[in-house]
Structure formats: C-alpha cells, structure tokens
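Undergrad: Before anything else, here's the structure in question.
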Amino acid sequence: MFIDDTIAAIATAPGEGGIGILRISGEKALKVAEEIFKSMSGKSIEEYNKRTLIYGNIVDNENIIDEVLLAYMKGPNSYTGEDVIEINCHGGFISVKKILELILSKDVRLAEAGEFTKRAFLNGRIDLSQAEAVIDVIKAKTDIAHEVAQNQLEGSLSKKIRELRDKVTEILAHVEVAIDYPEEDIEHITYQTLKEKTDELKKDIKKLYDTAESGKILREGLKTVIVGKPNVGKSSLLNSILGENRAIVTDIPGTTRDVIEEFVNIKGIPLKIVDTAGIRDTDDIVEKIGVEKSKESFTSADLIVMVLDASRKLSEEDIEILEKLKDKQTIVLLNKNDLKQEIEEEKILKYVENNSIIKISALQQEGIEELQDKIESMVYKGSIKNNSSLVVTNSRHKDALSKAYKSATDALIALEQSMPFDFVEVDLKNIWDYLGYINGDTVTEDLLDNIFHNFCIGK
C-alpha cells in the first residue's frame, strides 16, 4: 500500500437502499471531487464551509449520473487524517457503481480492505487497538458488547497500555542507572525498589489479562450447547429463550435431527445457542448423523445446558451424557417441573454442583429467568457488568498480555535472585515490546495487513 495514493470505495453495503455512500481519501480527493461534482449554487467545493453537506450533481461530460449530497473534510481533521470526500447518492447498485467507476477513472485507486482505517492508524489519528475496535463496534451483538467496543475506540485500552509502558520506562531507568554506574553504592536500594515496582507492574498486567475470558465472550459470543436425550424438552427450551417457534416441538422422539444455531441476547451476553439432536442409540441414518454432530459440539462448547425430564428417573442414556460433561462448565435443567417429580437429584450431584441445577418448565416459561441469571453470573462474575470501560476482547491483545506477564515474572525472579541487571533489562524491554504490539508501537507490516484484511472494503 502506498500512503500517497488517493483511494476510493463504496462505504455502504451492496444492494438497494435509501442512500449509497462513497468515500475518497488522499491528496487528490478534493481535485477529483471538483472535476465530477457540480453544486446547485454554482460554487466550488472550497467556497463552502468545511464539513458542510453540499447539494448538487455528479456529472460525467455534462451527463448527470445522480443527484447527491457531498461533504469535504480537510486533513488532518478527518477519519483518515487525509483530505476526505464523502458522497451520498441514491442507494442501489447502478448509481453507486457508475459514480465509483467515474472516480476511479481520475487516477484514483480502489481501496484495499480496511485501508481507510489503516490510514487513520498510519497517520497517527488512532492507535492499533482503536482501529481494531472499529470492527468490534460494527459486529457488536449486545449493548454491553457495543459499550465495551466503543470505550476501546475512544481510547480506554490505549490509555491503560500507555500507563503500563510508562511504568516499564520508569523501572528501566533504575536498571540502566545501575548498569551504567556499577561503582555507585545503590545496589541494595535499587534491587528493593525494582522488586516492588516490578511486582506492581506484574499485578497490573494480570488484572488486565483476567478480563480477556469474559471479553472474548462479549466479542464472539458464548457457545452454549443444549444437550439431552430425545423428547426431554430441548427444543421447547430453545423456543422459550428465543421467544419464537424456531425449533420443531412434538412428542415424537428424534424430531430435531440436525444442529440448530441461533444468537440471542441474554442480559447483555451474546449467546450462540446450539440445539442438538437428542442423544440416543438409533437405526435411523439421518438421526444418527445428528447424534454424532451433537457429540462433536461438546468439545467446542463454552457452556453446556443439559436438559433432563424431571418426571422420569435417570436413565443410562442420561448418566452417559452426564459422564461426558464432568470437566465442562454445565448447567442442568430439570424440565417438566409442572409434573410429578421422579428424578433423583442426589445422583445428578455426582456430576455437577448443586447451584448448577435449576428446575424449569419450558412450556410454562417457568425458571427461564433463573437460568438467565445463572448464565449471567457464570460469565460476568460481576466485573464487566459493573465496569465495561476496560475489557480485553481481542485474542491478539490477550496473547501479548500473556507474554508481557511471563516477562514480568522472569524479571521478578531475576531480581529476587540478585542476578545481574542486564538480565532484568532484557525482560523489561520484552514487556515494553509486547505491550507495544497492542497499540501498534511495535508491529510489523505483515501483522498490519493481516489485521486490516478482516475489515470491509469501505472501512
């Protein structure tokens, strides 16, 4: 990518719509716009106040392509930090396509995926963590996920990383004094000071790292698999949670023969709910495939919700499923609670904790609120819901923090063992670099390409 190129792209989704938006960014943006745009007043774009919507037409050799509104944002006070033109035309494939083709004919290049945001990063308007937050804002599935992403876009994570790197700089200053002036009698004081400050730094990194598990769920969703043998009420439960008849509900065992997936917002948690085929021995080829898919879904699940028929005693099939869930985060639902209870709860307690057993009636909508509260407490543990200002949601950030934490641990061990300060210096510089991966201070071009490749073309 050449930063001195002028680029353009369609910023809105393809298809029919009320408005289509095209974006131009770069040194020639204004010149190109002046060539193809004629305002209704006859004034040039520069004669208008910046950031003003100008009414006019896009023309090609005096032929009007479309009636538009145009905005000019002069760099560096724009999204990319460059001169930016945004054209609002009528939505629809033809108008937008013809305007883009006209723009590209003026020595303008089609933007690569995420190139507008990449330029914002390269021009210093935002750092890398803020750039990545743009995608999270777009893809947020709940209010809390959106709030977390918006806070990161506004710089909450950037600020924290700067604070941590400032602490590293301070500790490094002590180390470098000790290395440069070994004859000075400051060794004992320096070791003690460094141990205290490095331990504090290590705790700060760990505290931030610990938000990553819940953050990943907010960003990607909690994969929740509903399991149980046939006809215990799994599909009724799914319909109760979704509030619609998404799954087939009958008295015939094996009705759900495939894996049904839905996203639902549970108290701010994006749940990717997977309703599986009932697990049982069967000669039906199609149902057998569904059963195998159900078993496979166990391995990748973040949470298992097992449904049991409370009106019947535990069967061998029930126990076989419970055995598979021993090491999984599991909630057991005793369904059909409106009927006489026959199930033996004490046997279930061999496999799950008491507070993970909830009595419900999926058909009567009883116990659903308690299930939602339980999921909320398992995911958030109160931390994110009460403070969504600083949460690590990106796996790349989590990996960098993990490496920074290990280096902080190594530095602390070196100090506790009174090893030469040169060893400590190496560990501290590693911490500095790993934290820099997050905000983009220490990052390679290949990594940047990989990150922005996940963006859409017009962003």
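For all residues, glycine too, the Cβ spot is worked out from N, Cα and C.
Predicted, not measured: the structure shown is a model, and the values here were computed from it.
Swiss-Prot feature annotations, pasted as is:
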BINDING   R23, E86, R125, K459  (6S)-5-formyl-5,6,7,8-tetrahydrofolate binding site
BINDING   231-236, 250-256, 275-278  GTP binding site
BINDING   N231, T250, I252, T255  K(+) binding site
BINDING   S235, T256  Mg(2+) binding site
DOMAIN    221-380  domain 'TrmE-type G'
Undergrad: What whole-number value in Å do you get for the largest C-alpha pair distance within R23, E86, R125, K459, the residues recorded as binding (6S)-5-formyl-5,6,7,8-tetrahydrofolate?
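TA: Between the outermost Cα atoms of R23, E86, R125, K459, the distance is 18 Å.
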Undergrad: Measuring Cα to Cα, how far is K459 ((6S)-5-formyl-5,6,7,8-tetrahydrofolate binding site) from N231 (GTP binding site) in Å?
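TA: One finds 47 Å between the Cα atoms of these residues.
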Undergrad: Please report the Cα separation of N231 (GTP binding site) and R125 ((6S)-5-formyl-5,6,7,8-tetrahydrofolate binding site) in Å, rounded to an integer.
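TA: The separation of the Cα atoms works out to 57 Å.
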Undergrad: Between R23 ((6S)-5-formyl-5,6,7,8-tetrahydrofolate binding site) and S235 (Mg(2+) binding site), what is the CA-CA distance rounded to a whole number of Å?
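TA: About 46 Å separates the two Cα atoms.
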Undergrad: Where does E86 ((6S)-5-formyl-5,6,7,8-tetrahydrofolate binding site) sit by DSSP, helix, strand or coil?
TA: strand
Undergrad: Please report the distance from the Cα of R125 ((6S)-5-formyl-5,6,7,8-tetrahydrofolate binding site) to the Cα of K234 (GTP binding site), rounded to the nearest angstrom.
TA: 50
Undergrad: What's the CA to CA span in angstrom from K234 (GTP binding site) over to E86 ((6S)-5-formyl-5,6,7,8-tetrahydrofolate binding site)?
TA: 50
Undergrad: For R23 ((6S)-5-formyl-5,6,7,8-tetrahydrofolate binding site), what is the secondary structure state per DSSP, taken as helix, strand or coil?
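TA: R23 ((6S)-5-formyl-5,6,7,8-tetrahydrofolate binding site) sits in a strand per DSSP.
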